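Undergrad: Pulled these features from TrEMBL for this protein:
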type : residues : note
SITE : Arg15    : site 'Transition state stabilizer'
SITE : Lys22    : site 'Transition state stabilizer'
SITE : Arg152   : site 'Positions MEP for the nucleophilic attack'
SITE : Lys208   : site 'Positions MEP for the nucleophilic attack'
Amino acid sequence: MNYTVVLPAAGSGKRMKANKNKLLLELFDKPIFLYTLEVFQQDPACEAIWLAVKEEERQIIDQYVTKYKITKVHGYADGGMERQDSVRACLEAIPPCGVVLVHDAARPFISQDVITRLVETAKACGAAIAAVPVKDTIKKADNGIITETVDRNALWMVQTPQAFTYELILKAAKAAVEDGFLGTDEAMLVERLNHPVQIVESTYENVKMTTPEDLIYGKAILESQIQEGQR
Ligand code: C5P
């Protein structure tokens, strides 16, 4: 089952303390976002890649795309103030298609198997998201005093990719902007339409490069993927 992937890449480096877009930081010899792009370039089911980028970074990003022969990049949309705005700009720019995958450019270690299962599930159910079971005990607290220990058997840590049928995610994105609703992922926009969202179990390797220590984990994951012949 073929799909189009939308990659928001227009963030800043605030939590990374990078003074620039963290996606341009290098892991070994390459900027982070290229590792993400290469996963989709190599997936035969990926028909097109669309990126949301900051206007002032479009040229540098496009130069990397050309240099690393990422031929599936079909276009760019202007990134917005919030991640949700960046994703919506891409969704409005892409031609109608079957399944759309939304994936943070800052998550370079996504596995091919998870992508395939997400696309199949979205085709069958309309909406599917990658997530992993919570490992730690989770508690709620008020002013530092525990009020509740949450049953972690029901808890999932949600990641991207998140996969949807094109009509559903476009409708959800438009409804959110009309209602002034800001979510932290695309699934929330679909949930508010009362459409079920199916979890697809992902891997703990699919971390987002967010804070400086993530670069240390990132290098270790990359090394193990190279050793296992996945890169
Ligand atoms: O900041 P965070 O790591 O949560 O961002 C997740 C992804 O969304 C990153 O790939 C980032 O570049 C992108 N983003 C965006 N537009 C924004 C904020 C974040 O495209 N306004």
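Cβ coordinates come from backbone N, Cα and C, glycine included.
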Undergrad: Taking the recorded sites one at a time (Arg15, Lys22, Arg152), which has its Cβ surrounded by the most other Cβ atoms within 10 Å?
TA: Lys22
Undergrad: At the Cα level, what's the spacing in Å between Arg152 (site 'Positions MEP for the nucleophilic attack') and Lys22 (site 'Transition state stabilizer'), rounded?
TA: 32
Undergrad: Give me the CA-CA distance between Arg15 (site 'Transition state stabilizer') and Lys208 (site 'Positions MEP for the nucleophilic attack'), in Å, as a whole number.
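TA: One finds 12 Å between the Cα atoms of these residues.
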Undergrad: According to DSSP, does Lys22 (site 'Transition state stabilizer') sit in a helix, a strand, or coil?
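TA: In three-state terms, Lys22 (site 'Transition state stabilizer') counts as helix.
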